[in-house]
Amino acid sequence: ENIIWKAFSPTTINSGRGAEFEGAVIAFVHNLLTRENKIRALREAFYRQNLPNVTNLLATVLIFLIVIYFQGFRVVLPVRSKNARGQQGSYPIKLFYTSNMPIILHSALVSNLYFISQLLYRRYSGNFFVNLLGKWKESEYSNGQTIPVGGLAYYITAPSSLAEMAANPFHALFYLVFMLSACALFSKTWIEVSGSSARDVAKQLREQQMVMPGHREGSLQKELNRYIPTAAAFGGMCIGALTVLADLMGAIGSGTGILLAVTIIYQYFETFEKEKASELGFFG
């Protein structure tokens with residue numbers, strides 16, 4: 001909804017250069033039709049500041065396509081039934097094994113830290129430890145909204161642009177390391193608490209009387225252990241890296257929001273495909 005609105009919003013905003021349409025696409029068309037200097041009109045449409053531009057929109061589309069592409073990465077392990085001879089199937093282990101859970105857990109952690117930091121800063125802004133947790137000030141371009149400008153809350157916030165990243169490389173490096181390590185850790189933790197670890201999957205397959213061809217029944221967990229923890233940790237890091245990329249490219253909304261939207265849409269698509277295949281009598 002936010003992406004559609006930022007692309008096609010007919011609302012006009014006075015940005016100091018006169019009234020401009022908020023929607024990037026509408027502003028692009030309006031500039032081309034009304035400005036005499038077409039080159040300048042294109043430059044403003046693609047690179048205007050403080051309002052959505054065409055570059056932001058293209059970055060959003062690119063991130064969508066990259067995430068969808070990576071969703072197809074998987075290792076398929078063959079399994080067969082011990083009881084029914086000839087009945088074979090497969091167990092797919094996706095690169096994004098834990099789907100969007102690392103991002104959801106990361107967002108919850110950061111949101112709670114922001115909330116606590118803002119609450120304390122309003123009451124005890126002169127306290128050293130409160131400032132260590134986060135310093136806040138009102139943003140110039142929003143009505144009363146505060147943004148972190150120091151402390152831990154600032155360093156775990158994505159740099160707003162490549163220029164800011166170059167101006168403060170330590171902030172960019174800290175954010176990158178925090179994002180990747182947090183997503184990898186949350187992903188590894190999630191498989192243990194959600195019943196999707198190698199041990200849990202091996203138990204489920206044994207209960208279904210399924211084995212891997214060419215492997216002893218007792219080595220099933222060991223074989224799954226070669227793939228599942230790696231897919232969880234590396235997949236979590238990939239999710240984190242794509243989130244950082246979306247933030248740095250200036251994609252509309254936040255990188256976190258885009259990743260959540262794409263993975264949720266893809267999950268619905270996979271569920272629809274499975275139900276469709278089931279209705280047709282196919283099993284995979």
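Using the three backbone atoms N, Cα and C, a Cβ is placed for every residue, glycine included.
Caution: TrEMBL annotation is automatic and unverified by curators.
Transmembrane segment is the annotation TrEMBL gives to one range among 23-41, 251-269, and that range is 251-269. Remote same-chain residues near the transmembrane segment (251-269) are listed as 2-3, 6-7, 24, 52, 56-57, 59-60, 62-64, 67-68, 71, 96, 99-100, 103-104, 106-107, 158, 239, 242-245 (criterion: CB distance under 8 Å, separation of at least six residues from the stretch ends). The list of residues near the transmembrane segment (57-77) in space but at least 6 beyond its ends in sequence, with Cβ under 8 angstroms from a Cβ of it, reads 3, 6-7, 24-25, 90-96, 212, 223-224, 227, 231, 238, 242, 245-246, 249-253, 255, 258-259, 262-263, 266. For the transmembrane segment (103-121), same-chain residues at least 6 beyond its ends with a Cβ under 8 Å from one of its own Cβ atoms are 127, 130-131, 133-136, 146, 148, 151-153, 156, 179, 182-183, 186, 190, 239-240, 243, 256, 259-260, 263.
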